[in-house]
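J.: Dropping a structure here in structure tokens format, bear with me for questions.
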Amino acid sequence: MLYKLLNVLWLVAVSNAIPGTPVIDWADRNYALVEINYEATAYENLIKPKEQVDVQVSWNVWNGDIGDIAYVLFDEQQVWKGDAESKRATIKVLVSGQFNMRVKLCNEDGCSVSDPVLVKVADTDGGHLAPLEYTWLENNKPGRREDKIVAAYFVEWGVYGRNFPVDKVPLPNLSHLLYGFIPICGGDGINDALKTIPGSFESLQRSCKGREDFKVAIHDPWAAVQKPQKGVSAWNEPYKGNFGQLMAAKLANPHLKILPSIGGWTLSDPFYFMHDVEKRNVFVDSVKEFLQVWKFFDGVDIDWEFPGGKGANPSLGDADGDAKTYILLLEELRAMLDDLEAQTGRVYELTSAISAGYDKIAVVNYAEAQKSLGKIFLMSYDFKGAWSNTDLGYQTTVYAPSWNSEELYTTHYAVDALLKQGVDPNKIIVGVAMYGRGWTGVTNYTNDNYFSGTGNGPGSGTWEDGVVDYRQIQKDLNNYVYTFDSAAQASYVFDKSKGDLISFDSVDSVLGKVKYVDRNKLGGLFAWEIDADNGDLLNAINAQFKPKDEL
């Protein structure tokens, strides 16, 4: 009798048993919506975008009932439901993130749940990454003026000799970061200006192999997405390099807008061919594709140097034709970005870096161009340099110097030219030079006006002759006599023993630019280039040296 009772109780217990605990099988659960080929040198082979990833999961039940219905949970949210007997599932994932995945098995008596396993789905919005926080370095101080644009250029090649990766950029103090530079594919006759830099033309041809001319690409895939850097150094990290760090840094700085700058001094040649609508269409479509692939970007900056010519390639330039092409190009880019906004729900900016030379401003109808542009980055620097040993002057200045009141290459003259064309002052962003330009062997000057003399060539530079980083100027300041021209709002240093003369932006001159921007209700300031600063100049842009109400 007792035996029969125990047998009945055992049958009841079995019939009322919830499923056994599922154990998820081991597997590599790192996925990417944009796959990177780490062996590739050509952009066409570098990336493989996907609309979704298929996350495969299988499980076993080592003891007990296998259940009737199985569920797969991501962070406790159901993402799949099916027959428990299959012991496997495929989940289609369309977004990035790190998810705790569990399997839940159920029957009429209840459910059991597995231990979690981590699923990592990477995408170029960086949703799979931990935020890359900035550690305050050198003289940088926290504090950003939120009422003005505060932007800076970061260069792709800065990770090499300059040893200045993204994690060294004081991003909390910037509203915009401009990534220099994104190239446009094309070989002989299309990118000839690039041949002036040893190896750079050849590097672009490797990256553009198999890619149609006039499509954008990445110039240096190793620096951009393959080089291990802080926060993106794991062997299985899908996006390393500058791009990977920018994705992570943006998570820590959600206010930040990052724009790829297309063109630049030696990469502007292809723009001169875009009077051809077919070439222009190829370019615009490729920019759209680029933004769809690299989701951390917030728009595009066009740095055509320069419509009308007088750029790195003296054989290119047609003032009337380029002026029309520039307007058309901006209109078509803006229309493309509008379509992309409608598709994604995001906001995409279109900006342009332009020369501050009055003669180059006169080529373009900026009143018309501004209809497509959110901001105009006025490159108010490189006015003078060691390309001339007889025409010495301020390489960056707000006003004309007292010793040359007829000087037209000034920030004020450029701003005034744009305002007279009808450009919205709030769209004008004034440039700060985080470097100096200079001469050596300066002689034959009069009345201690060193700029009235003649030079004997470019002075010793930080990375190239005649160009000195602000950081180095500040470090070597005791070797010079420093002068601030308060009338022009410009700075320079001079070493009489060597005749070394450097014109540069100092804290004094940058504060002068800040006042000028505020007084004229301009949109803000930007800098070329952030790796050359020790923090002094960016602090000055953000008005750290004086309260805002004293400006």
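Using N, Cα and C of the backbone, Cβ positions are placed for all residues, glycine too.
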J.: According to Swiss-Prot, motif 'Prevents secretion from ER' applies to one of these ranges: 188-191, 196-199, 252-255, 548-551. Which one is it?
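T.: Going through 188-191, 196-199, 252-255, 548-551 one by one, Swiss-Prot flags 548-551 as motif 'Prevents secretion from ER'.
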J.: Could you tally the C-beta atoms, other than its own, that fall within 10 angstroms of the C-beta of Glu305 (active site, proton donor)?
T.: 23
J.: Where does Asn173 (N-linked glycosylation site) sit in DSSP terms: helix, strand, or coil?
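T.: Note: Asn173 (N-linked glycosylation site) is helical by DSSP.
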J.: What is the interatomic distance between the Cα atoms of Glu305 (active site, proton donor) and Asn444 (N-linked glycosylation site), given in whole Å?
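T.: Glu305 (active site, proton donor) to Asn444 (N-linked glycosylation site), Cα-Cα distance: 34 Å.
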J.: Specify the secondary structure state of Asn444 (N-linked glycosylation site) as given by DSSP, simplified to three classes.
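T.: Going by the DSSP assignment, Asn444 (N-linked glycosylation site) belongs to neither helix nor strand, so it counts as coil.
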J.: Go through Asn173, Asn444, the listed glycosylation sites, and name the one with the sparsest Cβ surroundings, counting other Cβ atoms within 10 Å.
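T.: If we count Cβ atoms within 10 Å for the glycosylation sites Asn173, Asn444, the smallest count is at Asn444.
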J.: Could you count the residues of the region 'Chitin binding domain (CBD)' (1-149) that DSSP puts in helix, in strand and in coil?
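T.: Going by DSSP assignments, the region 'Chitin binding domain (CBD)' (1-149) contains 21 helix, 62 strand, 66 coil.
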